[in-house]
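Engineer: What TrEMBL lists as ATP binding site is G110, T111, N112, G113, K114, T115, T116. The domain 'Mur ligase central' feature in TrEMBL is assigned to 108-299. Among the features that TrEMBL reports, domain 'Mur ligase C-terminal' is placed at 323-447. Annotated N6-carboxylysine per TrEMBL: K219, in sequence order.
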Amino acid sequence: MTFDSLVKQIDYIDIKKQNDEEIKNITNNSNLVEDSDIFVAVAGTLNDGHKYIDHAIENGAKTIVYQNDIDFKDGINYIKVADSRYALSDISNILEDFPSKKMTVVGVTGTNGKTTTATTIYYLMKEIYGNATNIGTDGTFIGDERSDTSNTTPDIYILNKIFNQSLEKNIDHVVLEASSHGLVQNRLNGIDFDYGIFTNLSTEHLDYHKTMDEYFAAKMILLTHSKNKIVNLDDPYGKKAKEKFPDAISFGKESGSDYRATDIVKNEKTTDFKVNGIDFTINSIADYEIYNKLAAIATLNNMGANLKEIAEKLKVFKGLPSRFQYVENDLDKNIIIDFAHTPRAFEAIFESIPKDVKTYAVFGINGDRNTEFRRLIGNACAKNDVFAVITTDDPKFDNYEHITDEIAAGIDELGGDYERIEDRLEAMTYAIKKANPGDYILMLGKGEEHFMKYQGNEKTPYNEMETVQKAIKNQ
Ligand SMILES: CC(=O)N[C@H]1[C@@H](OP(=O)(O)OP(=O)(O)OC[C@H]2O[C@@H](n3ccc(=O)[nH]c3=O)[C@H](O)[C@@H]2O)O[C@H](CO)[C@@H](O)[C@@H]1O[C@H](C)C(=O)N[C@@H](C)C(=O)N[C@H](CCC(=O)O)C(=O)O
Ligand SMILES: Nc1ncnc2c1ncn2[C@@H]1O[C@H](COP(=O)(O)OP(=O)(O)OP(=O)(O)O)[C@@H](O)[C@H]1O
């Protein structure tokens with residue numbers, strides 16, 4: 001596309017044209033610039049992209065989009081805009097020819113259950129419509145081809161590329177996770193969402209959003225931009241979403257929802273329930289899984305699939321790695337890897353475990369989280385009579401002792417039991433040894449993250465499944 005043609009289609013404050021290079025790609029990362037790319041200088045939270053304009057030009061950028069005052073160089077085109085993140089999405093949509101408009105796009109937001117819900121929808125869309133793309137915390141899956149994603153919600157120029165790559169493979173159904181960071185940072189601006197799902201809201205990311213109201217408002221950006229809104233009516237914030245969007249489709253266990261789970265029966269490793277008269281069986285005993293599945297059922301049913309077909313497919317869906325995943329062992333103990341990493345997720349998994357056996361939880365808490373978050377997780381353990389083995393999980397800029405003191409304070413407050421073991425393998429080995437046959441030992445928080453951030457943001461390779469298997473061998 002030419003510079004002249006591009007500027008005709010966007011809002012800007014000022015332009016300076018000094019070359020006629022063809023414009024193909026756009027990025028906000030100077031390290032990713034290739035010849036003729038547009039570099040968009042974004043004033044971020046850690047860095048200011050305006051500082052990297054020279055670097056982008058060295059790497060071949062011929063057009064710079066900016067919002068703060070800068071120095072100009074000969075031969076480079078400049079576009080001054082009011083909001084460069086917004087301009088990034090606008091220009092990307094134009095350069096990539098609005099791929100999301102050619103697809104059925106589902107967005108999933110909420111504090112807990114985004115990956116699980118999105119992956120269930122991806123599975124169902126593949127089974128029912130032939131193929132699908134899934135973009136989120138566990139990576140990007142174009143059909144079955146996986147690649148890493150830098151963020152749960154990647155930047156728009158990355159998303160648009162994924163959409164076009166999908167279309168080239170005749171895939172026109174896509175589901176993506178909409179994180180609150182991604183939503184407020186306009187990473188999804190201009191995406192044509194057919195369905196926007198809200199799973200639930202509880203305390204997380206208040207280091208970034210400051211208040212629950214602000215956090216909720218961030219999540220509502222997805223629904224505002226979705227043609228069909230699907231909300232969890234059993235969640236207090238889901239109720240608020242329904243009040244805000246009265247035409248939203250609802251799901252839940254309580255009466256009044258459009259997709260209501262009734263006659264719930266928990267078996268040894270599965271759960272049966274009915275939705276609007278149709279029998280469903282899912283391969284999990286986690287109570288919250290019913291909500292994730294209801295969201296997926298409501299979405300697919302509104303796409304046109306019938307409930308019976310959805311039920312048949314869900315019955316054979318094995319689930320996701322590291323989401324209530326049993327680890328095989330010959331100790332007759334229920335050893336589970338799960339990605340719970342918020343107070344509500346801890347409560348939800350503890351509430352799901354049978355009450356006639358003892359539960360042990362091996363976990364630490366990410367260095368980014370605040371005192372209150374750690375206290376609430378400590379409370380959740382004590383309240384549910386769970387023996388906590390407090391270990392390491394991404395201490396980052398904090399340290400193990402401090403994080404552990406804060407979790408322990410939450411446990412002490414309600415008189416619970418715990419042990420402190422810094423090394424994750426030793427902690428797992430201890431918990432498995434202490435448990436009796438039939439007990440549950442939950443390895444929480446790391447899941448599929450194949451790294452540990454011991455200091456700062458530096459990643460050291462780490463594998464939760466391998467560590468659990470070593471702990472089992474240590475018995
Ligand atoms: C706090 C936060 O959300 N940060 C995100 C934000 O970064 P930022 O605006 O702070 O960027 P920055 O590092 O200050 O840099 C400013 C600009 O300079 C540019 N730059 C920087 C360095 C350089 O060498 N060259 C260069 O051009 C950067 O590309 C950026 O455009 O915008 C970047 C591009 O969109 C994101 O990659 C980055 O995510 C960081 C890695 C991150 O950790 N984000 C987390 C908090 C996040 O977004 N998490 C959610 C999931 C949350 C959940 O559900 O649990 C997610 O969607 O992943
Ligand atoms: N609907 C739910 N309600 C409460 N907890 C849930 C729900 N679904 C999943 N969880 C818990 O949260 C954990 C993470 O699930 P999932 O990866 O689907 O969430 P997420 O929202 O994608 O998380 P993130 O984006 O922060 O990585 C699960 O392992 C489980 O412990």
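Using N, Cα and C of the backbone, Cβ positions are placed for all residues, glycine too.
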Engineer: CB neighbours of N112 (ATP binding site) within 10 A?
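Structural biologist: Its Cβ has 24 other Cβ atoms within 10 Å.
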Engineer: Using C-alpha atoms only, work out the spacing between N112 (ATP binding site) and the residue listed as 'N6-carboxylysine' and round it to an integer in Å.
Structural biologist: 12
Engineer: Between G110, G113, which of the binding-site residues has the fewest other CB atoms within 10 angstroms in the structure shown?
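Structural biologist: Taking G110, G113 as the binding-site residues, the minimal 10 Å Cβ count falls on G113.
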Engineer: Would you report the average pLDDT that the model assigns to the domain 'Mur ligase C-terminal' (323-447)?
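Structural biologist: Mean pLDDT across the domain 'Mur ligase C-terminal' (323-447) comes out at 96.
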Engineer: For each of T111, T115, T116, count the other CB atoms within 10 A of its CB; which of these binding-site residues has the top count?
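Structural biologist: Checking each of T111, T115, T116, the winner is T116.
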Engineer: In whole Å, how far does the CA atom of G110 (ATP binding site) lie from that of the residue listed as 'N6-carboxylysine'?
Structural biologist: 7
Engineer: Using the CB centroid of G110, T111, N112, G113, K114, T115, T116 as the ATP site centre, which other residues of the same chain sit with their CB within 8 A?
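Structural biologist: Checked against the 8 Å cutoff, the neighbours are V108, T117, E177, T199, N200, N292.
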Engineer: If you count Cβ atoms within 10 Å of the Cβ of K219 (N6-carboxylysine), leaving out that atom itself, what do you get?
Structural biologist: 24
